[in-house]
Amino acid sequence: MSDLHNESIFITGGGSGLGLALVERFIEEGAQVATLELSAAKVASLRQRFGEHILAVEGNVTCYADYQRAVDQILTRSGKLDCFIGNAGIWDHNASLVNTPAETLETGFHELFNVNVLGYLLGAKACAPALIAGEGSMIFTLSNAAWYPGGGGPLYTASKHAATGLIRQLAYELAPKVRVNGVGPCGMASDLRGPQALGQSETSIMQSLTPEKIAAILPLQFFPQPADFTGPYVMLASRRNNRALSGVMINADAGLAIRGIRHVAAGLDL
């Protein structure tokens, strides 16, 4: 039996991409899974596909009332909350400082930070009482842009650096009751969109990046799928496998940190 059997897991943005892969993985692990998802169509799809195994709540991560409504439903259903995974986010399609008009930069900043930073903070606030009571955990999705430049423009990169500070502060404030950690995946096949303020709300990340371009920059030389990143979340959510980690950010970058100066990887001819 999995360590996560009957654990109550709350994931934001569970309708597609990494969020959907996390829903699939935690259900596979035997957990009671809930998600807060903005898209009504994706909520309907989740309910149709997973039935009683999913509690899918339509709502916006920038709205505290939506979070509280979801948490209330989770507690009614499961009687507890063991892990909150803040995952919903948006990207800026590498919109640069120089080429973005000032007024667009300002509105884009507020929209992107509302989702990527405030959304995490509001989720933590809504989930904290139940997680403190059950001595559970929080996990937040970061990005390779939390460590390196070039994984997005200044708006996205700054938002992911802000999220690392949020993780550290929450880990400090909530210790010893709640473990707080992060996972930073590299580029993957997903439906990640951009801010409406930048005209990117209907543009997927895969319209800006090709599988070949992503694989070429990674020392492990493959095009990651969302399911490739679910393992660290499972480990961090498990009380048995993670008793000692808090304030830790796992850089799941397919080797980006060890790229060579002359070559992406030295073993390409092995």
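Every residue gets a Cβ built from N, Cα and C, even glycine.
Residues or ranges marked as active site, proton acceptor by Swiss-Prot on the basis of sequence analysis: Tyr156. Under 8 Å, Cβ to Cβ, and six or more positions away along its own chain, Tyr156 (active site, proton acceptor) finds Trp91, Asp92, Leu112, Asn116, Ser143, Ala145.
The Cβ of Phe26 (NAD(+) binding site) lies under 8 Å from the Cβ of Leu4, Ile9, Ile11, Val33, Tyr233, Val234, Ala237, each on the same chain and at least six residues away in sequence. Summarising the annotation, Swiss-Prot assigns NAD(+) binding site to 10-34.
A simple way to gauge crowding: the CB of Ser143 (substrate binding site) has 28 other CB atoms within 10 angstroms, across all the protein chains here. According to DSSP, Ser143 (substrate binding site) sits in a coil region rather than a helix or strand. Per Swiss-Prot, substrate binding site is recorded for Ser143.
A 10 Å cutoff on Cβ-Cβ distances gives Leu22 (NAD(+) binding site) a total of 29 other Cβ atoms nearby, all chains included. Cβ contacts within 10 Å of Gly14 (NAD(+) binding site), excluding its own Cβ and spanning all protein chains shown: 31.
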